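Worksheet: the structure to be examined is printed underneath.
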């Protein structure tokens, strides 16, 4: 059973009415009216304003808070899972920038549904949290899953200050678990559907930022399909859960487009798995709460995307179109008509249907987000998607509606008639006409869906051709730039070749100059060697001359000494013997004939006089001699 809710993005009301926001008018708590503006495609086609009325289980105006949304659409799902252990699903639908991610997650001061749901779960199981032994028991039982601790991913993560409601609020909305023989464990997993491939957001990406794509596999105990190999993280408190969600939001693929500054490029599926374990028998049961943040549909013209972003947008639109077709087929099946549900055309619908959500095995709430000041055509298309599930909606929450069906009006008017049989006949006729009109409307809807599908296929082909043309233009431009780069490189190489030749010529000249200088140096070395040899020879000759001069000096000294001794002897004789005696007795036989000393000849030495520095000192020449009085000589 699907319930559809509508949330209007925060905006200021128009000046003419307090309940009118752009092209949207909130009629009451469950109905809105869309009025096409003049710049819309619908206005240009019809050449006048078009009015579209849509009904929902509940309409949230822009003034509603995050807690209001949680209390209405998510709190009943959480309570059902806690009490009855039923699987539940909440997914958002809307154009890019309509506020889907804000509703599910939100900032820390206005936390979204995901944070409030976890806070409510931990409040309900407070005092009944799983012990370490229970956690190990579950790990052993869930062998096919990758069970990891939250601390593996939260090293170095800063704590988050999430503003959550007080305990009085939870006490009034959720039952407190009082069963003493049961313990509860909460596991979180995060899957991303990007370009129709499933990835685990908690898997560590490679060096190039790639992750391993996962597949869907059937469970051994049921026909449900689950994501094989995805990591399930055990969280023991809200702090770990909040940090884990914050880390995942940073890893999710997003970019900036013209229509949305932070546009999600993938569908995010956050799974909260609640395990209930009996401590006595070790039996356990589980339920799964899935929160799905669908990427927003966008038009290429308004988003101005190209290349990779264009392919991402086309993949998102294809998966959303398949989801709309599945909802339409589910509506027809609910009416008793045999219709094939094309859920295998997209990984998103295959996961939602095979997990038991859209097949009627779980409670489903769908939240449609609308931007009243955005594109009318895109938001109207989202309204048509949500209309596919109207036939399986429960009655609106507000039963005091001002509008009544024609059959009801007829019954009111026929109270005063007395013919009950005629009234019954007329009522059967109206029911037949109503059935025929329903069949005609269903056929018209089918034709419109087929026409829309053909138009979208044609637009897709045209867009692919446009993308191919853009790629060809880009490749042509790239080749031209490459050719210019090659030409520029050739010119540079040619200039470098000229410079190299010039440098080689200069190098040759310098090499010759170096050879000449080396030859001159060699000649100088030869001259230096010859000069050294001459110097050695001159030094040897000088040494010989010095030696000869020393010998001559010693000889002269010896002769001078002999002369001095002879002079001293003569002087002594003169003192002892007078000169007359010496003169008178020349012929005496008794006396010795002493000849007079002949004058000493001056010996001229052929040796050059020594320089003062080389002349021996007089003390060395006259050492050992007797002092002689020159006057006496």
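Here the Cβ of each residue, glycine as well, is placed from N, Cα and C on the backbone.
Features as listed in Swiss-Prot:
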| type | residues | note |
| --- | --- | --- |
| DOMAIN | 1-392 | domain 'Kinesin motor' |
| BINDING | 94, 95, 96, 97, 98, 99, 100, 101 | ATP binding site |
| REGION | 393-423 | region 'Disordered' |
| COMPBIAS | 398-423 | compositional bias 'Polar residues' |
| COILED | 417-541 | coiled coil |
| REGION | 531-556 | region 'Disordered' |
| REGION | 575-633 | region 'Disordered' |
| COMPBIAS | 578-587 | compositional bias 'Polar residues' |
| COMPBIAS | 604-623 | compositional bias 'Low complexity' |
| MOD_RES | 605 | phosphoserine |
| MOD_RES | 611 | phosphoserine |
| MOD_RES | 613 | phosphoserine |
| COMPBIAS | 624-633 | compositional bias 'Polar residues' |
* To do: Run through the region 'Disordered' (531-556) and tell me, per DSSP, how many residues are helix, strand and coil.
  => 26 helix, 0 strand, 0 coil
* To do: Tell me, roughly as an integer, the mean pLDDT over the coiled coil (417-541).
  => 83
* **Candidates 94, 97, 99: member of the binding-site residues with the richest Cβ shell (10 Å)** => 94
* Using DSSP reduced to three states, classify residue 97 (ATP binding site) as helix, strand or coil. => coil
* Around residue 95 (ATP binding site), how many other CB atoms lie within 10 A of its CB? -> 27
